[in-house]
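*Asks:* Encoded as C-alpha cells, here's the structure I'll be asking about.
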C-alpha cells in the first residue's frame, strides 16, 4: 500500500512538472491572462496578464496518477472522488472561460454557480449513501459518536460541501497560497485513508481505503509540482478551474471517509478565509464600516505591511497545524 501511495505522489509530481513548461506558453499564446481587480493591493497590478486556468496542469497529473496506481481504478470510491474533483473543476473552467475568453469580468453569475455546486453536492452525498452505504450520519470529531441526521443529512452536508469548495476558491488570492494549503490538507487525507485501511475502517468502513489514500497522495504530488510554477512570482495561476477542483477533491474525500465535520478542522484556513468575507460584507452592509482592511483575510495582512511570501508561509503553517489537529480528531474516534 505504501509503495503505491509514494508512487502516486511521485508520478503526479512528475507529470505536473513536465506539463507545466508545455502548457504555460500555450495559455499565454491563447491570451488566457488573469485580470486583477483595481481595488486590491496595488502590488498585485503587476500580475495582470499572468496565464490562468493552470489548474488543468495538475488535474491531469492527479487523475492519471490516481488511476495508474489505484488497486482498482474502476472502484466506485475512485470514480466518485475523481468525479467530484472534475465536476467542480468544470464549473470553474466555465467560469474562467467566460471571464478570460469571452471577456465578461464576472464570469458565471452567482446563482448559476450555486445551482451547479448544489447539484453536484446532492449527487455526491446521495451516491455515497445509495451505492456505497455511507449512511446519513455524521461522526463527531474527537469521538466515535455517530449523529444520525436522516434526510437532513443531505442539505446539511451539501452546505458544507458548497461552503468548502468556495472557500478554497477564496483562498486562491496569493501566489502559492491555495496550492500549498491544499497540499497539507491532502496530506491529512493520506493519513486518514491509510489509518482506515490499516485499522479495518476506524470510523469509516471502506472497500478501497488505500485507493483514496492513493488519490490524496496524487493530489499532494500535483499541488507540490504546481508550486514550481505558482510560487511567487507566479508564472501561472490555477484559476477557478484549479481551486474549485481542489475543493471538490477535498469534499469528495470527506464524504467518502465520513469525515465531513473533521474537514472543517482540516480545512480550518479555508473556513477562516470564508468567515472573514462574510463578516466583512455583513459589517459593511449593516454599519458602513469594515472589520478588516480587505477580505479575504490574507489581503488584510498584506495591507498591514506583510509581504506576500510571509503571508503565504504563515497560512501554510496554519494549514499544517489544522491538518495535524484533524488527523488527531479522526484517530481519537478510532479508540
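Cβ coordinates come from backbone N, Cα and C, glycine included.
I grabbed these lines from Swiss-Prot:
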TRANSMEM  5-25  transmembrane segment
TRANSMEM  50-70  transmembrane segment
TRANSMEM  78-98  transmembrane segment
TRANSMEM  114-133  transmembrane segment
TRANSMEM  145-165  transmembrane segment
TRANSMEM  177-197  transmembrane segment
TRANSMEM  200-220  transmembrane segment
TRANSMEM  236-256  transmembrane segment
TRANSMEM  262-282  transmembrane segment
TRANSMEM  311-331  transmembrane segment
*Asks:* Counting CB pairs under 8 Å, which listed stretch among 78-98, 114-133, 236-256, 311-331 touches the transmembrane segment (177-197) the most?
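*Replies:* Looking only at 78-98, 114-133, 236-256, 311-331, the most contacts with the transmembrane segment (177-197) come from 311-331.
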*Asks:* Counting only residues 6 or more past its boundaries, what in the same chain has a CB within less than 8 Å of a CB in the transmembrane segment (236-256)?
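*Replies:* Distant contacts of the transmembrane segment (236-256): 20, 23-24, 27, 34, 50-59, 62, 77, 80-89, 91-93, 95-96, 100, 107, 120-121, 124-125, 128, 132, 134, 157, 160-161, 164-169, 171-172, 178-179, 182, 185-186, 189, 192-193, 204, 206, 212, 215-216, 219, 223, 226, 229-230, 262-263, 266-267, 270.
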*Asks:* With CB pairs under 8 Å as the measure, which of the listed stretches 5-25, 50-70, 78-98, 114-133, 262-282 comes out on top against the transmembrane segment (311-331)?
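*Replies:* The listed stretch sharing the most Cβ pairs with the transmembrane segment (311-331) is 262-282.
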